Amino acid sequence: MSLLLGTTITVSSNHWMMAWTGLEINTLAIIPLISKSHHPRAIEAATKYFLTQAAASTLLLFSSMTNAWFTGQWDITQLTHPTSCLLLTTAVSIKLGLTPFHFWFPEVLQGSSMTTGLLLATLMKFPPTALLILTSPSLNPNLLTTMAIASAALGGWMGLNQTQIRKVLAFSSISHLGWMTIILLYNPKLTLLTFYLYCLMTSAIFLALNTTKITNLATMMTAWTKIPPLTTTLMLALLSLAGLPPLTGFLPKWLIIQELTKQEMTPVATTIALLSLLGLFFYLRLAYCATITLPPNSSNHMKHWQTNKSVHILITTLISLSILLLPLSPMIFTTT
């Protein structure tokens with residue numbers, strides 16, 4: 001309830017103090033969820049998350065106070081002072097995990113459970129993204145473009161040598177944040193559409209991984225013995241998150257590249273499209289391990305011939321949407 005309350009306060013506020021209050025409620029609400037397993041890794045992740053988010057919230061409050069000192073305005077949309085704009089961009093980048101402030105995110109996600117990791121990768125990103133959209137007319141385009149390209153590059157590059165699935169999904173999140181940020185100034189609605197579709201695909205993958213108890217590449221190789229149909233559709237969801245053309249994940253990348261070309265930013269569009277190939281490589285490796293590769297040793301898992309079908313209704317719905325939404329793209333884009 002506190003997570004929903006904090007998100008609602010931040011998204012619906014016009015005053016910087018209310019936005020900061022919502023962010024603080026969010027931070028304090030997620031910390032018990034991260035540390036509830038009482039494992040040293042979880043406590044470490046909760047500590048890293050608290051210190052990082054507290055520093056970012058303080059920087060955001062300092063930015064808004066600086067703007068109010070020089071302009072007399074506490075309205076979120078009236079951020080006009082250059083120093084305040086720079087500080088706000090830094091604070092929100094720390095909260096989101098954009099490059100070069102990304103160091104905390106993979107470690108925190110690795111120390112959390114799958115359900116908490118899902119909240120960190122989706123719901124907790126929404127308030128900072130909303131603040132970026134509200135202040136987008138005042139932000140520096142060159143800075144945002146540089147950070148976006150760096151995030152897409154680092155998310156793809158660092159994901160190549162990971163064996164832990166949560167770290168792979170963390171670097172995937174950083175890469176997708178780069179795609180959202182690069183189009184923010186030119187088409188904020190497209191940023192929101194990209195965020196919604198990213199949340200849809202990530203939710204499907206996290207819930208499927210939680211059901212099959214997959215944590216790394218080794219367990220992914222033996223997951224097909226548990227629930228073969230779910231593992232197969234998980235492969236398709238991973239390829240959709242990679243942005244392969246017949247699947248839903250291709251839609252936001254297609255529209256972003258099209259919009260960048262309209263803005264006469266063809267070199268930027270070409271660069272970020274080529275950088276997405278790095279991410280495509282490790283998604284293909286995950287899909288390959290999930291469905292084609294057999295482990296060198298025999299599996300100890302018993303095959304579940306009869307599973308609880310009611311548990312998988314939500315996962316089935318989410319995976320179906322994350323695979324099959326591309327034919328509905330004209331309707332989705334016109335409604336946004």
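Keep in mind that glycine also has a Cβ here, set from the backbone N, Cα and C atoms.
The shown structure was predicted, so the numbers you read here are calculated from the model rather than taken from an experiment.
So that you can see what the record holds, here are the features copied from TrEMBL:
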type	residues	note
DOMAIN	13-276	domain 'NADH:quinone oxidoreductase/Mrp antiporter transmembrane'
TRANSMEM	15-34	transmembrane segment
TRANSMEM	46-66	transmembrane segment
TRANSMEM	86-105	transmembrane segment
TRANSMEM	143-161	transmembrane segment
TRANSMEM	168-186	transmembrane segment
TRANSMEM	192-209	transmembrane segment
TRANSMEM	230-248	transmembrane segment
TRANSMEM	268-290	transmembrane segment
DOMAIN	280-333	domain 'NADH dehydrogenase subunit 2 C-terminal'
TRANSMEM	311-333	transmembrane segment
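Most Cβ pairs under 8 Å with the transmembrane segment (192-209) belong to 230-248, among the candidate stretches 15-34, 86-105, 168-186, 230-248. Over the domain 'NADH dehydrogenase subunit 2 C-terminal' (280-333) the predicted model carries a mean pLDDT of 68.
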